[in-house]
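S.K.: Dumping what TrEMBL says about this protein:
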{"type": "TRANSMEM", "residues": "20-44", "note": "transmembrane segment"}
{"type": "TRANSMEM", "residues": "105-121", "note": "transmembrane segment"}
{"type": "TRANSMEM", "residues": "155-175", "note": "transmembrane segment"}
{"type": "TRANSMEM", "residues": "182-203", "note": "transmembrane segment"}
{"type": "TRANSMEM", "residues": "209-228", "note": "transmembrane segment"}
{"type": "TRANSMEM", "residues": "260-278", "note": "transmembrane segment"}
Amino acid sequence: MNVFEVHLRLARASNLPTVWSNVLCAAILVGVTDPQTLTLLFIASSMLYTGGMYLNDWCDAAFDSKHRPERPIPSNQISRNAVLACSVGWLGGGFLLGLLLNPQAIIWAAALVVFIVWYDINHKQNRMSPLIMAACRASLYPWTATICIGHTPAIVWLSAGAIFCYVVGLSYVARGIKSSKALLIASLIALSVPVILYLPAPFIQTDTWIWLTMAIFILWTIYSLLGLWRKPPNIDFTISGLLAGIIWVDLHSVATMGSFDLVIGFIFLAFFIMTILMQRRIPAT
């Protein structure tokens, strides 16, 4: 494995299009779609996400040496100190770039970094860590909105709430099948929140795209969950699929809020295809 691929694996780079999807969703909802701003937002959010993933491997080095020896640190493809240095650089760079775009975003930039570090440091011991992970994702929405227009409208909070619940469900679903049926059921309910939250919209509005994006989200979620009922259960298949499904959550949010057009739809589709293709080479978890 070459050095470039090692860093792609450390960054879980196959998940980066889902981060761009979160940012694009929030930006569209506040009416900002100019390529320059979006590109800088994608770069800043990618740096924050990448820094968090590097820190995750640094914190999990002892665990990975026993349970995931193929990971870059235990397999001696890169030193633990180098991973920490990269993490600090990525997190610091993403934080500063966000501030350069709009200093008003300092609170959400700081919140993002705090949530990321908090999750990485104690996620193995903390049963509530899925909530912290979900907070990392959800914070991208007010962070993006504040950079774009200086504040966070209600529609952005609604989308952040949808992704928060979805990521909580995603994070708990693997634990649920290993621990209790009750937790698994709760996870499935959390995964369905993006549909439940926006359920009145298809009946109030006449936009066909709302129904279509909702159907795509439901069908993909069901397909991804089929991995849980394989013999033996294929947890990696399910989690990778649900991670890619984050993009469908965002697309449904955009359609429900009346901001959908074909160009936007194709961009989200491109993000989804990129995620699926990259997952074949770079593990999503």
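Cβ atoms are placed via backbone N, Cα and C, with glycine included.
Nobody curates TrEMBL annotations by hand; they come from automatic prediction.
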S.K.: Looking at 20-44, 155-175, 209-228, which one has the highest count of Cβ pairs under 8 angstroms to the transmembrane segment (260-278)?
M.R.: 20-44
S.K.: Let me spell it out: take the transmembrane segment (155-175), skip the flanking residues so only those 6+ beyond its ends count, and list any with a Cβ under 8 Å from a Cβ in it.
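M.R.: Hits for the transmembrane segment (155-175): 22, 25-26, 29-30, 129-131, 133-135, 137-142, 144-145, 183-184, 186-194, 197-198, 225, 228, 235, 238-239, 242-243, 245-246, 249-250, 253, 257.
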